[in-house]
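The next block holds one structure in the form of structure tokens; read it before the comments.
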Amino acid sequence: MSNRHHHPLRPLHLQFLFCLLFLVAILLLLPHHLPCMAMNPIMMMDRSRQEEHHTTSENKEDSSLLIRPFIIPYAHSEHLKLLFRLNETLSMFKKTMDRVFPKLYSKTSLRWEMGTDLDQVVELVQYWHDVFDWKGQVEKLNTKLPHYETTLIDDDDEEVMIRFAWRKSSLTSKKGKMNGERKVLLLLHGWPGSVWEFHNMVDELVQVHGYDVVAPSIPGYGYSFIPKREGCCDVKKVASLFVKLMKQLGYGKYIVQGGDWGSIIGEHVARLDPSHCIGYHSNMCVVLPYWQDWIQVAIDALKKLIFGTPLIENTESFSSFLMYAVKYFTIDGGYQHLQSTRPDSLGIALLDSPVGMMAYLLEKFIAWTDLPQKDTSQLFSRISRDDFLTNVMIYQTTQTIASSIRLYYFTMTNQKSFGEDKPYLSTPTACAVFKDLFRATRYTAQRNFNLVQFNRYEQGGHFAALENPKVLIQDVIQFANTRYEQMGSDEDDASQHRQQAKKNEL
């Protein structure tokens with residue numbers, strides 16, 4: 001009798017079966033690991049932002065413990081649509097520019113006094129369309145600033161998605177650790193910036209100085225969730241989320257650093273988490289004058305006028321501070337009033353027009369960067385075209401320009417973030433003063449903060465991380481190293497006291 005029907009599977013059959021199982025496994029796993037291949041980036045981020053609101057209460061605790069890699073996506077089809085729109089806008093401008101938008105001034109710097117200069121916008125849009133390599137910049141984003149995402153529970157017991165750049169130092173010497181604990185910097189951006197501001201800093205901070213770097217996108221900015229509830233999120237609630245983020249990442253002690261909104265959020269982080277945040281560094285220390293200051297300045301000025309008494313150092317520097325403050329609130333700060341009171345009117349216009357948004361942000365970069373004169377050629381000698389356009393594209397591809405400016409409204413309507421009643425910050429503080437919108441003096445900073453470091457710089461403006469990263473790194477590291485050394489010394493002293501106490505007990 002033949003036994004051919006009872007033979008085990010032949011090698012050829014086994015190979016076929018294994019191949020079939022392998023293909024099935026690939027098909028099942030592929031959508032989970034490569035979501036950007038299945039949908040465009042806006043849809044992908046939109047879906048993840050929606051999913052965060054559909055997690056049941058039973059799995060809240062489990063989901064909040066997950067830290068997942070997040071790949072910043074590039075969508076070729078969406079990019080082609082943008083290039084088509086840029087081309088249409090260029091064509092329209094070139095045909096109608098002289099008729100509908102006539103030049104009132106021949107001098108470029110005077111044209112910038114009225115806002116954005118259209119001639120220079122056209123030049124930049126041409127570069128954006130013809131030269132700028134967004135795909136290459138996305139690759140740099142994913143390489144220099146690898147991103148992760150995690151779900152946090154906010155102060156209203158709602159789940160929110162925070163995405164953040166995270167680089168860990170591989171240095172194992174004492175340079176990278178403090179008594180066995182990793183040294184870490186929490187870097188916070190502002191408006192109209194993004195995490196891209198830090199791309200020129202992270203390599204040196206991580207590879208040379210041995211610091212881990214965490215740089216989250218503010219809610220409503222870039223890759224983090226877009227707030228969809230009334231009351232969420234002002235700067236204090238954002239700070240609370242970032243405190244929870246640092247706890248979730250397992251860091252015991254950390255330094256917070258920021259400029260613009262990042263400075264104000266960072267100050268709140270230091271207030272909310274004094275046992276873990278061991279230092280607050282800002283390149284825009286926000287201090288507003290008390291009413292007594294105005295009286296003192298007036299008295300000192302009268303003394304000088306009548307008696308020839310020289311101004312004391314505090315009054316002289318404070319007078320300079322007041323000059324910048326008055327200029328900001330009367331000329332340069334118009335955007336803040338609009339964004340604090342009617343953000344959605346502006347947001348709709350900016351969301352609808354990529355070139356309109358770029359032109360609006362360009363004016364801020366021109367006005368706030370330390371330039372000898374207002375001109376794009378001057379700007380791009382300090383901050384490259386690619387850096388500026390990468391920042392613009394983060395807002396454009398995530399569709400977050402409208403939600404980003406709502407932070408002004410949330411903050412100004414929900415709480416007093418500035419002003420005379422702001423309590424003294426006891427956390428050790430460092431102020432790096434560049435040629436910025438707010439130029440604190442040592443005199444004003446000492447009254448508001450536990451000031452342990454104060455440096456003034458003559459080069460660099462509002463976007464110090466992009467304009468003068470080497471100097472900013474030096475200032476941050478000078479402060480951070482000192483704080484970690486002090487913490488290490490304090491822990492050594494405490495350990496010695498504990499050991500001595502045990503000996504005494506024996």
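Glycine too: its Cβ is placed from the backbone N, Cα and C atoms.
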**OP:** Identify the region 'Disordered' range according to TrEMBL, selecting from 167-186, 487-506.
**Re:** 487-506
Original post:
Under 8 Å Cβ-Cβ from His462 (active site, proton acceptor), six or more apart in the same chain: what's there?
Top reply: Gly259, Asp260, Met284, Trp368, Thr369, Phe434, Asp436, Leu437
**OP:** Using all protein chains shown, find which of the active-site residues Asp260, Tyr408 scores highest when you count other CB atoms within 10 A of its CB.
**Re:** Asp260
